[in-house]
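Okay, structure first, notes after.
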Amino acid sequence: MQLLSPIIILVILVVMKEVLQANFSGESAIHQPIELIHKGIQVPTQQSYDNGIALKFYECKPNGGRACYKLVYSANGISFGEKVMELLISDYNLKQDTDYKMFTTKSEMENWMYTHQNQTMFGISFIPNGPLDTIDTISYTMYYNRTREDLKTPLLSLQNLIDNNIVYLRMKDLGRTQELADSRNSIQVDFKSFPQPPQSKNGEVLLYNYSGPTFFSIGAMIVLIISLNSLVVEKEFRLRFAMIMMGMKESAYFLSWFITFLIICAVFSLVNVIGGMIFQISIFLNTDFIVLYVLFFSFTFSLICLAFLLSTFIKESKSALVLGFTVLAISFILNLTVSNSNIVYMLYSSSITPLIVVIFSFYPPFNFAKVFIDIAVKALPVYDSTQRKYVTGPGYTIEDLFIGKNTYDYVPGSWLGILTLFLNGLLFLVLYWYCDNVISDGNGVRKSPIFFLYPSYWGINRWKSKSKLDANDETDMHQMETQDIKNEFSKARDFNQNAIVRIISLRRTFSSFLAKIALKILPAKFRKFFSEKKALKGLNLIVQDNQCVSLLGHNGAGKSTTMNILTGLFQQSSGEAFIAGLNVRDSMEDIRKQLGMCPQHDILWDDLTAEEHLELFGDLKGVPRKQRTEQVSNFLESVDLSKVGHHLTKTYSGGMKRRLSICIACIGNPKLVLLDEPTTGLDPYSRKKAWNLIHKMKEGRAMILTTHAMDEADYLSDKIAIMAHGQLKCVGNSLSIKAQYGSGYNLMVVANTGHEQHVISMVNSRISNVNIVSESAGNFIFNIPKQQLAELSDLISDLENSTLGIKDWGISQTTLEEVYLKVTQKSDFSYANVKSSSIAKNQELDEVKV
């Protein structure tokens, strides 16, 4: 579309030029007479007179329901005038008070016209000069609406008719019967304008002098709109975030788009100039190629830089299109003003403050219009008064770029306009760099407004942060309720213990900008009026090599905040987090080279295949080409996507996209893989395949998994961490937390009909304080408390040796779901306040048949 737009604009301009030229080419040196009689008043003929045929008179169209008269008149007591009007009325069959209105005096008629405006087409008033039989002069006055240009010709037609009627009646009165027949058309009137030189106008000059910059800027604006939309689409679907999380540098991302847009600029400018030459437009044929090419390139360059800047303020592609077309519309309207050569040069007049030109210089279309007009003045045809025609202009060369003009006052050369366009682009890029860092868009950390003053931003004085216990750390440790959390607290601070992920007293507080200022400067008694949300309250956790840790918790527990800090999306308020020994606070770029992530929502390009996705992210991870091809094949086969690996992802189902996202997270052998609900939307078979891949990829790396499926956490996790209200409430492997927080074992017995009471007695005889959890049609579930586990072996022996009344039996430990519910409820979390349950039912029992 970008490359097609200049061709469309050129075609439109060529058509407009031909239309204008056709309008001007009909003029000749001596004008031919123009027929007087207007088509609205039919010309009387002798046949119409002889046969009494009523002729058509100019139509009067009513307005607003009011009466409209074709004619009003006053004979002013002149009987001859009455006869003239009666003859006219008879010829055209006009009806009184419908088609015409008659008045006795001139003043009466004029008063009526003043009080009944726009209710008549013409007025006629005869002027009394004395007895009719003693004079040879008949005088009358005609009235018409002078604001209606189209009434001038019928006015002359009406005058001609009245004059012919006067001649006819005078001939009749004088008895000149031989001349009477010809007197009805005795007066023939034509009119014509003064002679003038042949064609003093040129359609091409008029079009390009006044509208050239406006139309040519439209094509470049199309480039801006498409570029802006492309940038925002990647931000909206978090594609930029995905690539940065997988190791791409911000600078590399920017350069990739910038180089792409520069290539578009170069080709766009080339198509514009060559297209203008092909269409034989004088301004392109009569100007040095390099001048026009640099002009179009500099203008388009400034607009794509503007697209980068605008993209920082927009989050959705629909908004980008709306903004883009709004800029186009505003630009078109402004260009209609600033594209006029007289107005542009007038701005440089000494009578106008130079500040106006400075302000307009920040508006790229103005600079483009100024240079374009400079070129048009010399490259378009010029009028030669000696030859009385347009001749080829002197042309525009590179040397002309540096020559100013003295139109109103001194106007600088075109070189300054082109330089200003490049400077506009550089200014927009600097503002983009600043806004992209400061404005939060959901794809990265929002930096301080003075981030560029910090040496750490420029890579100066970077060091690895070390944890130090402070008052808050000691307070956290004393407030911990269980030994497992205290052990995790100690392990997180033991740097001698190998860990891929080390989280130490991590805190994150969300508050508005105003609240941050108020909390710092106001006294303590006023700070309560400014709220802040504490998403993390001193989290301590380590993840070791070959280990998968599941983060479980209700909505708002702090899981997502923790993941966002580890990926660099958020920055912690306090505390430290290390990944592979690197601090996330100041080494995020290095960390991302060793990080793989499967976000909660798939981040994929619709127009790329699965193989191309893996190739791209493998390349970002620095995987050699040969190994990359092998890894791509292995990953696709491991999740049953090898047969559709060459298909576009927009044809994939939700489950297929999810499996591909897991493969993307694992490619490149990252040290840490973050999996945010990786199996959401998968069918049981695909889910099992994904589990196997995750389990296999655990070797040689660490994994952090968030999920609401308890069976998934139980199957995949080496360690489970349950969070509530931003704090760690439980940590350990599945067996240890079930033993610590569970209620014991569940014994399931299926009794034969009639032996139900025997089964209950057998269980009660061996284990005291047993609880019957469920009883239905001979199926019993007994809960055996942890304190009674020593007595369980005797009961199992009885069940094995019993031959009476027992059909089947089994035993299972407390489920992870029960532990989860118990821990979160113990933390004062009420599921009644949650709109939709975040707990996935565990449909599988870890049953052990003894």
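Cβ coordinates come from backbone N, Cα and C, glycine included.
TrEMBL lists 1-22 with the feature signal peptide.
As annotated by TrEMBL, transmembrane segment applies to 215-233 (among others).
Residues or ranges marked as transmembrane segment by TrEMBL: 254-284 (among others).
What TrEMBL records for 290-313 (among others) is transmembrane segment.
The transmembrane segment annotation in TrEMBL covers 320-337 (among others).
Sequence-distant neighbours of the transmembrane segment (343-363) (same chain, 6+ residues past either end, Cβ-Cβ under 8 Å): 334, 337, 369-370, 373, 405, 407-412, 420, 424, 427. The feature transmembrane segment is assigned by TrEMBL to 343-363 (among others).
For the transmembrane segment (415-434), same-chain residues at least 6 beyond its ends with a Cβ under 8 Å from one of its own Cβ atoms are 294-295, 298-299, 301-302, 304-306, 308-309, 311-312, 361-362, 364, 367-368, 370-371, 374, 401-402, 452. Summarising the annotation, TrEMBL assigns transmembrane segment to 415-434 (among others).
What TrEMBL lists as domain 'ABC transporter' is 519-750. For the domain 'ABC transporter' (519-750), the mean pLDDT of the prediction comes to 88.
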Leading contact stretch, 254-284, 290-313, 320-337 vs the transmembrane segment (215-233) - CB distance under 8 Å: 320-337
